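Chemist: Below you will find the structure I want to go over with you.
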Amino acid sequence: MPAVLGFEGSANKIGVGVVRDGAVLANPRRTYVTPPGTGFLPGDTARHHRAVILDLLQEALTEAGLTSQDIDCIAYTKGPGMGAPLVSVAVVARTVAQLWNKPLLGVNHCIGHIEMGRLITGATSPTVLYVSGGNTQVIAYSEHRYRIFGETIDIAVGNCLDRFARVLKISNDPSPGYNIEQMAKRGKKLVELPYTVKGMDVSFSGILSFIEDVAQRMLATGECTPEDLCFSLQETVFAMLVEITERAMAHCGSQEALIVGGVGCNLRLQEMMETMCQERGARLFATDERFCIDNGAMIAQAGWEMFRAGHRTPLSDSGITQRYRTDEVEVTWRD
């Protein structure tokens, strides 16, 4: 019954989780929140993570009812993500592994999301829509790899939403995407925005540039409200994501779809995906904010799978990488 401790800190969330044989024993998390109209810088984010990570470690062990002797492996996010926060967390993970004399595992952040989603929902072999602030990919498993069937060719969908939130000075607490979702529920007018699907890939930079350019003029002239713009942006970008996910499902012959990543919490996205799945006779799987948003348990769960499959990360290879594609990892723990 191996117990794995996972550290996640690739962006503005810092989390420490404990997983043992499919059970999430602890999953505390903190968020670095910046003022409205601003984003989070790597250096400031790293300082936030360093200030709270040891408290989170103790909190996770206490919540799990375990001691260092009960932990069998230390897992941490190797990448992708922001450099300074990744380094801060990796240093702590390496130090803890050496102090406790435990094996170390560097985990791909994207695969952490997928394995967490599979664990919580019970999906067996889904087509995965992975949507977050740093990544947008449509993924399916084949021959020991998570294959990328489509992705953004520029910025991630979450980054598009976050940067639009800055234009309207929307609060970053608890997250700009959540606040856009709430405002969109009150939107009544659909503003036509660029819809950019290129085969299996999507592009969000043009939509963002367009809406940044017209937002203040349209608001000043009363053509629309901030709520209308939030509604229109959500409807447009989510329709693009549903389209490429459905195309991947058709290609793979899949009857399951799984949404993971922070944007996957959005209930409107889940609703649109559910409609598509029902029309195909397929099932949709999704999780709530506890497991969609970056967290330590997802790294622990992926680490648990890797640990049981015999993976280990030597100290000489225990660095981080800001670019670490999902399909680079050999998935030896699946048939």
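Every residue gets a Cβ built from N, Cα and C, even glycine.
TrEMBL lists these features:
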BINDING   His109, His113, Tyr130, Asp294  divalent metal cation binding site
BINDING   Tyr130, Val131, Ser132, Gly133, Gly134, Asp162, Gly177, Glu181, Asn266  substrate binding site
DOMAIN    29-300  domain 'Gcp-like'
Chemist: Among all chains shown, work out which of the binding-site residues Gly134, Gly177 has the most CB atoms within 10 A of its CB.
Modeler: Gly177
Chemist: Measuring Cα to Cα, how many angstrom lie between Gly177 (substrate binding site) and Asp294 (divalent metal cation binding site)?
Modeler: 14
Chemist: Determine, to the nearest whole angstrom, how far the Cα atom of Asp294 (divalent metal cation binding site) is from the Cα atom of Asn266 (substrate binding site).
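Modeler: Pair distance, Cα basis, whole Å: 14 Å.
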Chemist: Between the binding-site residues His109, His113, where is the Cβ count within 10 Å the lowest?
Modeler: His109
Chemist: Counting across all protein chains present, how many other Cβ atoms fall within 10 Å of the Cβ of Tyr130 (divalent metal cation binding site)?
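Modeler: For Tyr130 (divalent metal cation binding site), the 10 Å Cβ neighbour count is 25.
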Chemist: Pairwise over Tyr130, Val131, Ser132, Gly133, Gly134, Asp162, Gly177, Glu181, Asn266, annotated as binding substrate, what's the top Cα to Cα distance to the nearest Å?
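Modeler: Looking at Tyr130, Val131, Ser132, Gly133, Gly134, Asp162, Gly177, Glu181, Asn266 as a set, their Cα atoms extend up to 18 Å apart.
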Chemist: Under 8 Å Cβ to Cβ from Ser132 (substrate binding site), same chain, six or more residues apart: give me those in sequence order, or none if nothing qualifies.
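Modeler: For Ser132 (substrate binding site), the qualifying residues are His113, Ala156, Val157, Gly158, Gly261, Gly262, Val263, Gly264, Asp294.
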Chemist: Rounded to the nearest Å, what's the C-alpha distance separating Gly134 (substrate binding site) and His109 (divalent metal cation binding site)? Just drop the number here, would you?
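Modeler: That comes out at 11 Å between the alpha carbons.
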Chemist: Have a look around Asn266 (substrate binding site) and count the other CB atoms within 10 A of its CB, chains all included.
Modeler: 25
Chemist: Can you check how the pLDDT averages out over the domain 'Gcp-like' (29-300)?
Modeler: 98
Chemist: Counting across all protein chains present, how many other Cβ atoms fall within 10 Å of the Cβ of Asp294 (divalent metal cation binding site)?
Modeler: 27
